Amino acid sequence: MQNIEKINEEEAKKLLIELADKIAQYNHAYYIEDKPLVSDAEYDQLFNTNLKLEQKFPHLILENSPSKKIGAKVENKFAKVTHQVPMLSLSNVFDEEDVKDFLDRIKSFLRLDQFSPIFCEPKIDGLSFAATYKNGILTTGATRGDGYIGEDITANIKTIKDFPHKINNAPELLEVRGEIYIEKNDFTSLNQEQEQQGKDKFANPRNAAAGSLRQLDPSVTAKRPLKYFVYAIGSAKEELANSQDQLLAKFKELGFNVNEIGKLANSEEEIFSFYEYLKTNRKNLPYEIDGVVYKLNDFALQDRMGFIARSPRFATAHKFPAIIGQTKLLSITVQVGRTGTLTPVAELEPIEIGGVIVSRATLHNYQEIARKDVRVGDYVFLQRAGDVIPQITGVDLAKRSADATTFDPPLFCPSCNSKLHYVPEDIIIRCDNGLNCPAQNYERIRHFVSKNAMDIEGLGRKQVEFLIDKGLISNPYDIFFLKEKNEASLTKLENMDGWGKKSVENLFNNIEKSKNVSLPRFIYALGIRHIGEQNVKLLAREFGSYENFIAQMELLKENDPEIYQKLNNLDGIGDKMLVDIIDFFDVKENIELIKNLSEVLNIEDYKETREQSSLTGKIVVFTGSMPTLSRAEAKATAEKLGAKVAASVSSNTDLVIAGEDAGSKLKKAKELGIKIIDEAEWLTLVRDI
């Protein structure tokens, strides 16, 4: 990652675009597919780099910035549930200095003279949920989703053995929030069952819990050893408690499971002592934790602190450092991806790290292998922090044997044997044989049918491989004629190994259903290099319809300067992406495929709906000293209500809130005839909204 201090504005703009797309992909994999692509540590590093860039260049903040989003958008297979109170995620801190900064911000924001108690509790590594009770009866269970809309998992949540379906002495409306998880021993047993049944093993307990809870068939969920803790309230008709410690006691009284390991800290020293205690003893806990959550204990103070776009100001998560292990590197294999990129993968002597057996690790790229001087036969250090593919962080040179061998990058593609070329700006080696490369063609079809693209359920990795091997499909277009081909064949698909009448029938129904596709999904399904989910929405919004999109792409391919500039001006599309788009539409086979697909698909025009709040778009200015509010708290409240807070008064200003010694801004507001109110009127306005 580049040095943030030395980066210039143009470099920052490009990097922010790349980060937005990459983080969006990682969010979807983690929150929706329950298959994380990177470690927690790597994700946190990317997210914090994005934050630092935005702090340095605030005018470059993108509309699709990760700092504005929570989780990922929900899938269509579950009914949607709107969270009346958004389910925000927590910001992260990584060392004592970060924690001290967090505590200082609380003091400054609230103008406190002394330390306000902080409640500390373990950060369970599971799946967040919300459960709503009406008159004591459980009516709705939902996932976090994107923080605003989650998935309805009511039937599944009811299968958890000790989850209350009814609570006594409850308010008319109560929404509790917490974490669903699987204990370490249960996870080991579950993976043994998966292996015995010939199914894929779960990467870690968090993935197992998430995958279990998001089953379409509740009877499958019922067989999984799910447990839960509640730790927060979403909404209630009456106040249950005045503080976090009181709330947990109330939850316990109502019959919910709460984590008994928690501490009310009255000083920084007590906070750090509790963190060290949990870090040292987490291996003895029956469940996985990945840090400690710190919350301002007093709810009245929490309300004053409020929220930023994706997280509360009054709480944060102090993450544990990654777990390190050591094992032998047996070999290095090479994988060819959808866009031709070759990725080296370390094959390892199996080792248990944090309760998970690890036998493979990512090596990222060949430059990384050379930089770390990783050799086959070495004993390597592994880092794992809840990720599906751990990372090699270094080599134990003291254990290096004389026969440890360096790994030379291949000169020819292991799939199609075509000559490879090095792409220095991306630090990668690539095969440019496109659809003529079996590995790329396979991965491209896999991408085309994936959840975020055409979403054809029943075409997983094994099924796609089978259909290609049998010559039933050779490109995405063939999928839509699979039923006709099967009907004309002497050997029916349902009679082949791994298939049955019902699975084939469901597959054909899903293929038919996928023919109605939105423009963003269609563009994403094409698999254009560097063009992710967020970018396709920008393109779809710009062009509106498939016909216009294709017409504009033809102009772009012909180097039309007007369309090139129009796309380059889009907030989220960079030069590198434009080159990749041009390269894609310059390939004859791609144009033919798109034309063929357009004849069998109904590609729907792009439609966007935006929700407006009562103050959305209003420009307000605070000036002078407020009697009770800090400037930060006043600004936060305004932004929470949808207003934009400006630093100066202009003819575009809608409202000025003036305190003592307001000065020139107040004078200008009077001259322009802008509405002016004081702090008391502002607080009344806020309360009424």
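Heads up, the Cβ atoms here are built off N, Cα and C, so glycines get one too.
The active site, N6-AMP-lysine intermediate annotation in Swiss-Prot covers K123, and the record cites sequence analysis as its basis. Per Swiss-Prot, NAD(+) binding site is recorded for D40, A41, E42, Y43, D44, S89, L90, E121, R144, E179, K295, K319. Annotation comment: Swiss-Prot describes C413, C416, C431, C437 as Zn(2+) binding site. Among the features that Swiss-Prot reports, domain 'BRCT' is placed at 610-689.
Features per Swiss-Prot, on structure.
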{"residue": "D44", "record": "NAD(+) binding site", "Cβ contacts under 8 Å, 6 or more apart": "N92, F94, K319"}
{"residue": "L90", "record": "NAD(+) binding site", "Cβ contacts under 8 Å, 6 or more apart": "V293, S311, P312, A315, T316, A317"}
{"residue": "K123", "record": "active site, N6-AMP-lysine intermediate", "Cβ contacts under 8 Å, 6 or more apart": "I289, D290, G291, V292, V293, A317, K319"}
{"residue": "K295", "record": "NAD(+) binding site", "Cβ contacts under 8 Å, 6 or more apart": "I118, F119, E121, Q244, Q302, F314, A315"}
{"residue": "C413", "record": "Zn(2+) binding site", "Cβ contacts under 8 Å, 6 or more apart": "V336, L342, K419, L420, C431, N433, C437, A439"}
{"residue": "C416", "record": "Zn(2+) binding site", "Cβ contacts under 8 Å, 6 or more apart": "C431, N433, N436, C437, P438, A439"}
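Neighbouring residues of the recorded Zn(2+) site, listed in sequence order and excluding C413, C416, C431, C437, comprise V336, G340, P414, S415, N417, S418, L420, D432, N433, N436, P438, A439, Q440 (Cβ within 8 Å of the Cβ centroid). Here the binding-site residues are C431, C437, and the one whose Cβ sees the fewest other Cβ atoms within 10 Å is C437. Cβ-based crowding with a 10 Å cutoff singles out R144 as the top-ranked of the binding-site residues E42, R144.
Each residue in the domain 'BRCT' (610-689) has a pLDDT score, and their mean in this model is 81. Taking H, G and I as helix, E and B as strand and the rest as coil, DSSP gives the domain 'BRCT' (610-689) the counts 29 helix, 16 strand, 35 coil.
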